[in-house]
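J.: Have a look at this one.
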Amino acid sequence: MSNPRPHLLIIDALNLIRRLHAVQAQQALTPAQALIATRANLINTCRKLLAASEPTHVIAVFDGEVHSWRKEVYPAYKEGRTPMPTELREGLNELQDAFWECGVDALLSQTDEADDLIATLATGIAQHGARATIISTDKGFCQLICPQIQIRDYFNKRWLDAAFVEQQYGVAPAQLVDFWALTGIGGSNIKGVPGIGPKTATQLLQQYGDLASLLAACQQEDAAKALLKLRQHQDEALLAQRLVRLQRDIPLGFNLREIRYPPAPEA
């Protein structure tokens, strides 16, 4: 019997945990009770994901106390975001143990953002012809969509696929980075081109294809009004493009054998 084609399940750990905890925090619970309930719910959710996905490999990726390269080049990156509740931050080790209880290893880096680690993992396995499923509500991962990479929004019970991207943004997944370069991403405090909103960005990309072609077109004497805005703010667009594009080539320091599921029994 041949071995099944590898299928890597990648869990955006804090994306999942924060939403599970928010539900418990709305109940009449003490912080300690909310953390206990979150842990129990996390184990239950993790087991559901494993049963539904039937992965051959699985990993939960955490954000560490990262001062990322994005913050270095753009100090306002993610400024204004609601901080994680103190009791949740203090309980993360216990929640990480909950993943291990389910047979799921955890990856945490002090130098790289979880989004870039997830992109590297998914892209790496896809390049070898295997499948990756990312569990997250973060639409930023939609730039990775291809036949080998899919994104599941667990809470809204939907796939963030090419059809979703087309409906939501009017462009293909491969054009999303350039779409956000024009519009910016409010949740990450990334500014795009002033005066270019989603509708105009969609129209421009449908006509020109990508940001490079738009930058060439905006230099023409008879450039349209929207292109003139881009000409005036092309540095902002290029910075936004750099910030929203996920890194896919981070050295990880481990191989697939170490995250096989179910894990090999200890000798």
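Glycine is treated like the rest: Cβ placed from N, Cα and C.
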J.: Which of these, Leu182, Leu205, does Swiss-Prot list as part of the K(+) site with Val193, Ile196?
T.: Leu182
J.: Looking at 63-68, 195-200, 231-236, I want to know which stretch Swiss-Prot calls region 'Interaction with DNA'.
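T.: My reading of Swiss-Prot: the region 'Interaction with DNA' range is 195-200.
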J.: For the C-alpha pair, I'd like the distance in angstrom between Val193 (K(+) binding site) and Asp115 (Mg(2+) binding site), rounded off.
T.: 24
J.: What does the structure give for the C-alpha distance between Ile196 (K(+) binding site) and Asp115 (Mg(2+) binding site)? Integer Å is fine.
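T.: Asp115 (Mg(2+) binding site) has its Cα 26 Å from the Cα of Ile196 (K(+) binding site).
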J.: Please spell out the DSSP helix, strand and coil residue counts for the domain '5'-3' exonuclease' (171-261).
T.: 55 helix, 5 strand, 31 coil
